[in-house]
Amino acid sequence: MSYRIDRQTYAETYGPTVGDRLRLADTDLIIEIEHDYTHYGDEVKFGGGKVIRDGMGQSPIANAEGAVDVVITNAVILDWWGVVKADVGIKDGKIYKIGKAGNPYTQEGVDIIIGPGTEAIAGEGMILTAGGIDAHIHFICPQQIATAIAAGITTMIGGGTGPATGTNATTCTPGPWNIYRMLQAADAFPVNLGFLGKGNSSQPQGLIEQVQAGVVGLKLHEDWGSTPNAIDTCLSVAEDYDIQVAIHTDTLNESGFVEDTIAAFKNRTIHAYHTEGAGGGHAPDIIKLCGQANVLPSSTNPTRPYTVNTLDEHLDMLMVCHHLDPSIPEDVAFAESRIRRETIAAEDILHDLGAFSIISSDSQAMGRVGESIIRTWQTAHKMKVQRGHLRDPQRPGVDHDNFRARRYVAKYTINPAITHGIAEYVGSVEVGKIADLCLWKPAFFGVKPELVIKGGVIAYAQMGDANASIPTPQPVHMQPMFASYGGCRTTTSVTFMSQAGIANNIPEQLGLQKTVLPVGHIRQLRKADLKLNDYLPHIEVDPETYEVRADGELLTCEPATVLPLAQRYFLF
């Protein structure tokens, strides 16, 4: 005889189901579960008197015979492809199945087998997302990595050698010797890492040797001279080796204007960093790049979202990061040319329209490495408050925020993965990918993950006093777990490398301990390949007023005076 349970009790026991809604932290964003892969009456849950016991929800099947290593039960998955409720099975460090977990001898429809070798993670009432990808890292200090993973970032791509003056300003690891040292250092960290070489050269040989040394891409930066010739040379090398090029264009327009830079691209794929321009780039109209089909445009988080404090803090940040002198008028003028309220306001709206595709940090170089996810959801919230409901083109009648949430989560997960040729391995909650996952309490969504799972093992978690009798006594804060230590660290994280570097046996020559995976399928990319963020507007910028128009429509919004995901979450 079946037993009926009211919706509230069901949600409290097994987590929300189809039709239930969750608020994302203290934002105004509301998501609704669209599908439930678990079976009513046959749900699995761990605990005393619960379902995952031998002969009930746990089978006698060994791992070698098909049982998974880890099961996450009854989680709400939020990813670019949808909002669903499911169990998630992890096997050999990868996502094995998204569906219904349990014991096939006692339950129907089981596609994730729980056995005596299966660990359980309770996902009831929790939100599961892919680990974040930050594709604009200045590797200024190793302490950034702990801050990033504690915030939910599991993959970091960028350049640098430490707090060198060049690294403070540019995301480049220049030359084979420096590249080798950073690749060796990567073994020490529980995140996936990939390094960008210096792309500024009018001749190819100095770029080719960096690609063959193992970088995942090349970075063109104006502080090294982003001239049309350097751009053309760098992209030509990238075409030969199937790697990405990231660019920070010429703010001062010394070697040409934005139209000259676009011409130098020759319709070849490129990742445009901080495409609005406050982080650097042709003043005042670098934002036009987001209308180019071959340009994969990103933002960095200090301008996310536009607030009453944004302009003031940017000037001081810029002076420090780019080695400028406040006593030199030309340096001050350079800084002021980059900070424009009109283009920053337009950037908010272009993100909401899906014209800007990626959000990253610009860590310690005008950006905060632990705030990319926070700033993404603050932008989504601000846009809902100011622009209202975002219509889902596939389901125009719904009144929840699933489409907006999917668009924004894609900006720091699948889209940077696609852009840098690693989407085969990471960037989404999909079968076959590395199990880099974040589990969030809805009240803390986007701010403080409850667990960060790296390659199927918990790497960071909210943990209380280690001397307490239970895990929860205060002070509770994010702490490294076992995937952050010893050999587990090198088996649950990877280093990304160019195909040329792997062919040159760089991993063996350097004695790298991490698995090394090749980047690829990059040079044919277009903005249309980026998920839910592929809008190509025609952008016009008034050179006198800096007003921005997209397809003829003026883009402007007010700065926020208060934001969610902010001080109330960091009182302790």
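Cβ from N, Cα, C; glycine included.
When D6, D348, D352, D362 are compared with the Ni(2+) 1 site residues H136, H138, K219 in Swiss-Prot, the one appearing in that site is D362. Considering only the binding-site residues H136, H138, K219, H221, D362, H248 (Ni(2+) 2 binding site) has H221 as its nearest partner by CA-CA distance.
Secondary structure at D362 (Ni(2+) 1 binding site), as computed by DSSP, is coil. In the three-state DSSP scheme, H274 (Ni(2+) 2 binding site) falls into the coil class. Sequence-distant neighbours of D362 (Ni(2+) 1 binding site) (same chain, 6+ residues apart, CB-CB distance under 8 A): H136, H138, Y273, H274, G279, T300, N301, P302.
Within 8 A of the CB centroid of the Ni(2+) 1 site residues H136, H138, K219, D362, the other residues of that chain are I137, G158, G159, T170, T171, A246, H248, Y273, T300, S360, S361, S363, A365, G367.
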